[in-house]
Amino acid sequence: MAPLRGPKAGMEEPGAGSSPRRFTWEEIGLRTGRGHPQQERWLVIDRKVYDISQFYRRHPGGARVISSYAGQDATDPFQAFHLDKGLVRKYMSSLQIGELALDQPSFEPTKNKLLVEDFRELHTTVEKMGLLNPNHLFFFLLLLHILMLDVAGWFVLWYFGTSLVPFLISTLLLTISQSQAGFLQHDLGHLSVFSSTKWNHLVHEFVMSHLKGLSAQWWTLHHSQHHAKPNCFHKDPDIAMHPSLFALGKILSVELGMKKKKFMPYNHQHKYFFVTMPLLVVPVFQLYSLYFIFQRKLWRELAWTLTYFIRFFLFFEPLLGVTGVLGFLLLL
């Protein structure tokens, strides 16, 4: 087994007049960052080998996203996550320590070659068909109808009173507004609306923090981790609540089954989703989002988030009272 250490001083580095150092997947697969804190982290992008041991904590997209690919090929996630690849590659050159040996495949030997090639062909086809090109008019109208539904939800209670039927209609309108805002912030968080990363982030912050009362950066960080390793235990935060909250349903994977972690309710969640979501998940998300904002000192996001709650209390407290507004927030 090769020792876990990188190129020493004096070894040939990639550059003009020298051949790049060549590595095998066996060597790369040992640099996963597991074990001793000082253990190295290497990854491969387009057959080039990068040492991210010192960089991963400074990675703008989060340390967990990039380090989850340590010891692996990260070509496809690199293509998917970076809007301006040319800019990113300028900062990657200092991290490159070599390339894959000529007899090595472009991705881990354990991967299904046909599956990877089919996926890449599909991605190329989708791009050529223009299916990833955003329709700005659609997103403008989506934002406009979200704002109109917000106003309509308040207007129904103000004009028709707070009896049961107007209350239910208002709740329906505001719930649709919140759901649509969730879809819009999702596309903004994926940098899929504007060609400019800055504009995606700014509008995402408005929609997520002002219209939904949550941290945009918190969502982006955790959702990126989810897409980097979807449904992979210990890497995907979306399933990190197991086993504390879930203990019914479909049998878990062999990995967790051997650890006797009971069950995860994949085949029963539709039965209790509408109970657990408002009573458990929503308050947890709100509280953790505020904790994240204070922890990261995101004062602009805090200001936007406060406007969400202030706006709600200013418009609905005269109609429903404090208790009614708190209940309303829980329903939405």
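Don't overthink the numbers, they just go from 1 along the chain as shown.
Any Cβ shown, glycine's included, is placed from N, Cα and C.
Quick look at what TrEMBL lists:
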type	residues	note
DOMAIN	20-101	domain 'Cytochrome b5 heme-binding'
REGION	1-22	region 'Disordered'
TRANSMEM	137-158	transmembrane segment
TRANSMEM	164-184	transmembrane segment
TRANSMEM	272-294	transmembrane segment
TRANSMEM	306-331	transmembrane segment
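For the transmembrane segment (164-184), the residues of the chain that approach it from at least six positions outside its boundaries are 139, 142-143, 145-146, 149-150, 152-154, 156-157, 207-208, 211-212, 328, 331-332, judged by C-beta separation under 8 angstroms. Under DSSP, residues within the domain 'Cytochrome b5 heme-binding' (20-101) fall into helix, strand and coil as 31 helix, 18 strand, 33 coil.
Summarised as a single figure, the pLDDT of the domain 'Cytochrome b5 heme-binding' (20-101) averages 88.
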